[in-house]
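Notes for the one structure printed next.
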Amino acid sequence: MYKLVLVRHGESKWNKENLFTGWTDVKLSEKGVSEACEGGRILKEEGYSFDIAFSSMLVRANDTLNIILCELGQSYIDVEKSWRLNERHYGALQGLNKAETAEKYGEDKVLIWRRSYNVPPMPLDESDKRHPIHDSRYKNIPKSELPSTECLKDTVARVIPYWTDKIAKAILEGKRVIVAAHGNSLRALVKYLDNMSEEDILKLNIPTGIPLVYELDKNLKPVKHYYLGDEDKIKAAMESVANQGKKIDR
């Protein structure tokens with residue numbers, strides 16, 4: 001039996017402001033730092049330790065991982081970072097307020113942009129400075145692979161090869177693995193692991209900073225999964241994620 005721990009980064013400053021973030025590199029809020037500390041504390045209390053960690057190229061996930069490993073006294077372990085674990089690219093929506101966008105275009109349309117499986121938001125033009133081709137951290141990635149926008153289907157298409165080539169390989173080698181990433185890159189992975197339908201993945205809400213444990217059989221098929229922590233806090237955190245795209249009250 002293998003165990004895999006997944007953690008969505010703690011609340012970022014743009015999460016706090018209810019903005020579409022995507023590939024924009026935004027730091028953790030004070031609450032996000034506290035969430036990461038709490039996640040690390042819970043993992044330590046439950047006796048978890050790790051041999052290798054995987055994360056994205058974005059600071060909010062990297063800092064969450066660093067805080068957790070510091071809480072565990074394991075800052076020394078190997079960390080592999082990849083753009084394939086980045087958040088879903090939200091195209092021209094990046095930087096816009098989710099609730100105000102819902103007021104302008106309607107909640108249903110924003111829900112489709114946020115959570116549909118195969119409908120991407122409006123793309124960024126390559127001349128836009130927000131486009132990843134202008135970010136030096138991706139200079140070694142072929143331009144043709146860098147997205148202008150993504151739907152969840154696109155995110156799945158880049159996450160799963162990394163799972164197969166890197167993460168699953170490490171697990172099968174007997175390494176204890178933690179992955180610190182993002183709401184949609186983790187949803188992509190969960191969809192694959194649990195063989196979820198496109199309809200069911202629409203309803204999945206992964207809370208920030210709360211460790212999600214998968215117990216896997218010898219073929220890396222899930223036996224069960226569960227969050228670590230207080231059940232009421234977990235439920236409230238999931239509801240908070242679900243409410244982000246709703247219209248603001250006047």
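Cβ coordinates come from backbone N, Cα and C, glycine included.
Noted in Swiss-Prot for the protein shown:
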{"type": "ACT_SITE", "residues": "HIS9", "note": "active site, tele-phosphohistidine intermediate"}
{"type": "ACT_SITE", "residues": "GLU87", "note": "active site, proton donor/acceptor"}
{"type": "BINDING", "residues": "8-15, 21-22, ARG60, 87-90, LYS98, 114-115, 183-184", "note": "substrate binding site"}
{"type": "SITE", "residues": "HIS182", "note": "site 'Transition state stabilizer'"}
Completion exercise
For ARG88 (substrate binding site), the number of neighbouring Cβ atoms whose distance to its own Cβ is within 10 Å equals 28
Problem - Length of the line joining the Cα atoms of LYS98 (substrate binding site) and the residue listed as 'active site, proton donor/acceptor', in Å - result: 16
Practice task
Quick one: give me the count of other CB atoms within 10 A of the CB of GLU11 (substrate binding site).
Solution key: 24
Fill in the blank from the handout: What remains of the recorded positions TRP14, GLY22, HIS182 once a 10 Å Cα-Cα cut-off to the residue listed as 'active site, proton donor/acceptor' is applied is GLY22, HIS182
Practice task
Within 10 Å of HIS182 (site 'Transition state stabilizer') by C-alpha distance: pick out those among the recorded positions HIS9, TRP14, GLY22, ARG88, and say none if nothing qualifies.
Solution key: HIS9, GLY22, ARG88
Problem - HIS9 (active site, tele-phosphohistidine intermediate) to GLY22 (substrate binding site) - Cα separation in whole Å - result: 13
Handout entry: Protein Cβ atoms within 10 Å of LYS98 (substrate binding site), excluding its own
Key = 25
Exercise for the section: Please report the number of other Cβ atoms within 10 Å of the Cβ of GLU87 (active site, proton donor/acceptor). Expected result: 26
